[in-house]
Structure formats: C-alpha cells, structure tokens
Amino acid sequence: MAKRQDTKKFFENLSGAGKSIGVLTSGGDAQGMNAAVRAVVRMGIYVGAKVYFVHEGYQGMVDGGDNIEEASWESVSSMLQVGGTVIGSARCKEFRSHEGRLKAAHHLVQRDITNLCVIGGDGSLTGANLFREEWSGLLEELVQQGLIDEEAAQNNSELHIVGMVGSIDNDFCGTDMTIGTDSALHRIIEVVDAIMTTAQSHQRTFVLEVMGRHCGYLALVSALACGADWVLIPEMPPEDGWEEQMCQKLSESRSRGSRLNIIIVAEGAIDRQGKAITVNNVKDLVVSCLGFDTRVTILGHVQRGGTPSAFDRILASRMGVEAVLALLEASASTPACVVSLCGNQAVRLPLMECVQMTQDVQKAMDEKNFEEAVRLRGRSFENNLNTYKLLSYRKADSELPNSSFNVAVLNVGAPAAGMNAAVRSAVRVGITEGHKMFAVNDGFEGFYKGQIKEIKWGDVGGWTGQGGSILGTKRTLPAKHLDKIAEQIRIHNINALLVIGGFEAFLGVMELSAAREKYNEFCVPMVMVPATVSNNIPGSDLSIGADTALNAITDTCDRIKQSASGTKRRVFIIETMGGYCGYLASVGGLAAGADAVYIYEEPFDIRDLQSNVEHLTEKMKTGIQRGLVLRNENSNENFTTDFIYQLYSEEGKGVFDCRKNVLGHMQQGGAPSPFDRNFGTKIAAKAIQWISRKLKDSYKEGRVFANTEDTACLLGMRRRAMVFQPVVQLKDQTDFIHRIPKEQWWLKLRPLMKILAKYKTSYDVSDSGQLEHVTRVRPKKVD
C-alpha cells in the first residue's frame, strides 16, 4: 500500500477512468449482497470506471455472452431492500477446471475487465485468487490459440481482485461480521420469539436446528440473544456426560418456575468423539430422560431469506465502496485482499491469509483441538462463547464465591430496546461473581424513594427478548436528591452502581462522582453503559437500542417506498428521532437509500434545499420512481418537516408529488434486534467484571472506598475495542447544550450516502482500510 503522506487524502486523485470492474456474487446467497453490488456499481461509475454485472457467478463468467452486461446507475435502483442476490449466483464446477478458467479469462479480456469484485464465501474467494495467479499463463494460452492478440494481452496483463465475504454462517476468519449474518440472526430470533409464546402455553421444550455445518456462530449468538438453555456447536463439543448435565439443567430451570426450554443445535454439532448430534437425538434424550413434551423445529432456508437488516445494508454499502477504493489502489505487487470490518473500523486483509486461517479452524476441529479452533475463530466468537458460559449455567450456592458486596442496577433516561438484556446479563454475572444484586425501579427517582429490592437469578429469566425497560426508567437527575440517595445507599449497604441509560445516565454518574467530596456514600465504583436510541453518548460509537431503532426506520421506509409502487413519481419526507444527534437519520438514510438527509451537525440553508430539490427533479426525469428524504427532528428550528414538505411539493409540481411521515415513538418500541440483545448482554457482563475488580481494589479496612477518577467510568465501544473511560475526562468531548459528542465517527459515512445518491462530493479516504495482516488483528490473549 502507498504510504499516506498527508493526514487527509481525498480520492479525487484516485480515478477509475479507462478501468473496467466486474462484480459477481458466488456460492450460497446472503441478504445484503444486493446492497454490496449496488455500492460497487455506483462507486465505480462515480470514479469514472465502467462496471459490469457478471450474472450467475462464475458460471456466467465461463459462459460469457449476455451473462456479462454493463451496469448503469439506474440498473441498481431499488435493490437495496431486496434479499438474496439479484444478479444470480450458482455453484460452478466448470470454473474449477483449467478449461473453464481459460474461457472465463477470454470473456473478461473481450471486455477489458481486469478488476474483479467477488462477493461470496471462502470457496469463491479461493477460486478468485487461483484465477489471478494463473492469469498471465491463461493470457499466453489465449494468444497461442489465436483467440486474442498480443495487444489485448498487453492491455490486460494484470488482474486485480478484491473480495467481500457474503455468508450467513459468519465462518470466515479475519472479519467480525460477514454480509448476511445479522439478517440470518433476525430470521432465527423472529422464529424463536414466536416459538417461545407457544412453548409457554403448553410447557414445552423446543429443539431448534439452525444453519452452520462447520461454524457455530449462528447457533451461539442466537442462544445468547434468546437466553436458550443449551447450545450445541461444532467448535466446542460438550464434555462427555453432557446428556445428564443438560437434562439436570432443564429440570432445574423448570423447578425454578420456567414453563419452557429452548435448545439450539447447529446443523454441524458433534460430540467429543466427532459423532454428529442431531436435533432428533436431543429430542429423544429429553423425552426419555425427563418425559417433557418436546418438539423439533428445523429452520432451514428461512435463514437465508427475507429482507436484509439495517446492519447488513450498511456493512455491505461500506464494504462495496471500500472494495472499489482497494481496486483503484491495487498494483501488481499487492496481494488479493478482502475488505471487512473489525469492530467499527474498515480494514483490508490479504485474502489468502484469511482463507488459510479459516482452513486452520477446520483442521483444528478435525484434530480435536477445540480450544485452538475457538481461538482461531477470532475474538468476537470467543467473547460470545465466554459470555454464554457465564450466563447460561447457574452454579450451586456452595460453588459461588462469597463476595459480601451489594451491587445496584438501574435504568435511566428514555427506554431503549436491549436494556432488559443488559440488566439480565448484569444480574446473572453479578451473582456468578458472588455479589448480591439489587434492582432499582424508575431510575434515580425510584432510588431516592427507596424502590430497591434484591433481584435473583430466576427473576430475570426471559428478559432478553423484551422491549422497553422492565425495571422502569425516568429522566430524573440525582443532583436535587443527593441526601436521600445517599441515605438509601447506606440503608441497603450498596457497594457499587451500574447505570444503564442515555444522556441523563451520563449526567447522573457525573453528578454522583462530583458529589463524592461531600458524601462518602458515593465513594463506590460506578459504571455507566450507554443505552439510547439516539446514540448520542460521548465515549461510545454505539449505544444499546440504536440498532433496533435503525431497523424500525429502515423497515418503515421500505414500506413507505413500496406504498408508492405503481403510482406516479413520488417523494417521501420522513422525520426521525434523535434529539440533536443525526445518527438515526444519517445511518437510517444510508440503509434505506435516501436521496437527502438533513441533520443538525451539518448546517444547511435555503440554497442547499434548492439544489437538493433540483437534483431530485433531474433524477426523477430518468427512470427513478421514488425519492426519500430524511430529516432529524431538531435539524433546524425554521426548516421544519412541514416546511421541507411544502417546498418539495411546490418545486416538484409536474414532476413528482410529496407525502410526509413522522415516525415518532415506534423508533423506541418493539422487541430488541439480535445485535442489541447481544451487545447489551456482552457490554453489561464486561461492566460487572470491571465492578468486581474495582471492588477488590478499593476494599480496605472492612469497607469499600473509591474516589479516584477511574472508579466512575463509562464503558463504550471505540472503533475496535470496549473501553472504560472516566466520565470526568469525557466532559471536554461533550456539547452539553445539544446533548451530543463534539466529534462523531458516523459523520464520515455521510459522503458515502451522498455518493450513492448521485451527488458530487468530497470523500476523505484517509480513514479507509489499510492492508493489515490477520495475526495482528487477532491477539491471542483476550481480556
């Protein structure tokens, strides 16, 4: 990779003029592939390159003819919300033969295509790499056979390849999430939520089979997200004698009052001897051992279907743009790479290093070296497994450490989907660490009124899938009630606080830590976990609840756009929540394919509005039927949603008509998305482990005393890592008047949205992925 001299480098100097890019989807389909194709096509055309669809994967490349067709801007319109792959995918035997690859090379050279963007699994990407290695040899053969001339061979001498991983299994090493995984989890969780209600009615046990022949990611994460009683995955087969353990656990949960059990089995699940464990084995076991009424459900291809989730659309759109940049920067000496996400950061990784590592996992499993297999899967998989182990199995009281500490949990601010998953996780991890856990109802208001009671393991059963806040939450701040809160802390002998909530939670923890000088009671470890749909908390890239809200916005925008199909041209003006924070509007706009998004952070005037209307009018005169404009509720006090609606209606007369929608509180409601359940579960577990460490450190002379900055923290996700940051230090990073962080990472995604909506804009690529090596991305030691 070229060293970057300046800190900011804009891609105006990366031109695609004279280049041709072929884009294909190969192997099993995955939701979000279309979003990736759309991004590659539009970004390619934007930089001046020609872009070609290769229909039906490698089969289309081998067959040539109409299978390779030039793409236009309009040809990818309205495909963002469609599942599967519009350009088709096929498993191709012929491409595995030398003759097949020779034909494919001939068809590419005929159109001067020397840049390939391959969206598929590890098999498809390995094939692409082999194709690249053989390229010069294939061209020589074509010249010898007189199929192409020397000049064509010269002009097409180098083949560049960039891969994006589209696979619902998330079985590719080096990437945190592959395109399609999140959507598959949505399908699984929808089914599990539905099954839970019927299981509850009849006191049944359900055994579910989910996809994943060689990878247990879907099974593991869906088990985490729905609080399943038992999960079976290929990477970590259960210990010998697991049958008795499992049955004992199921009967214990029933005796604690649960009316149902859920067991999740990956289709590739095996025991320690490598023998397959099927759903029917598990069912027979439960019936013979416990006599429970048990049913089997095999999810099958439902998991591949349906519309892509907001996360997959954004992931695929970011990766598609990144892939084009990687192709423009590729040279003969750069290895074929995959673009992917690590945490929240775009990265490029050498394709064959990832493939090698993916194959190493299989090898480790074949050699029964299961710990190694889990480690090679990467830190996200490992974290999921460790968290699942922590939460799923309640040790007997005699086995628990006795810490004699009391830890209180409360929700503060507006409700956010995923709060309950976080509370459940905190309570169970706290009990496992030996603490007594206390639940505070109604935030700081309930705290000073004394609405505090001990909460036990069984009390939080079934909480992960519930929306809103079961504990109750209020926006009240503690500053006016410090005396009473201090008194309650004394009465209940509270030694640590976990506050889960939005901006008020952040302010509340700041107020409590500031009051430590006056009140010894507040000299206890306290940590805040961000949970708000607005995603406006300093110190964290993401907050619990934002993903669910994004999905609500995206689903609604899809429906609204659909409502106009078949009518004349129409533009929708949609208002989103978020206070002064434009996250929901901007990222929702990227996921829904918006034409313009108005937010507070990027000031706009009447001239901008005018040029947006003209831009949309021009677009509507081509084949585009529908326009989508999003406006954050507080983006501008004078340019209201009504004003923008009236302006567009007036200026669009004769070309399009307008409708407006205010999405309102539906963005706060609903069952939490898999991402929010999982994020809430993992982040709360980490917060409690931090509390345990701080309690140990600050316990002196028979009491807890913690008054240093680093004992009042916010736990946030920053780029690639979860970080504990003293709230005092976040003061300077906060705009308190507008309740937003001064710097927000997602503003970098705005040019992306504009490019995909056909605006000329400046796109800063200094933040685009650098080529890294897989080993560096995956440290062996996990904190």
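Positions of Cβ are set from backbone N, Cα and C atoms, glycine also.
Residues annotated as active site, proton acceptor in TrEMBL: ASP169. Per TrEMBL, the feature Mg(2+) binding site maps to ASP122. Per TrEMBL, domain 'Phosphofructokinase' is recorded for 21-326, 406-691. If you look up TrEMBL, you'll see 1-393 marked as region 'N-terminal catalytic PFK domain 1'.
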Chain-internal residues, separated by at least six, CB under 8 A from ASP122 (Mg(2+) binding site): VAL165, SER167, ASP171, PHE172, CYS354, VAL355, THR358, GLN359
What number of additional C-beta atoms lies within 10 angstroms of the C-beta atom of ASP169 (active site, proton acceptor)? 25
The average per-residue pLDDT within the domain 'Phosphofructokinase' (21-326) comes out at 94
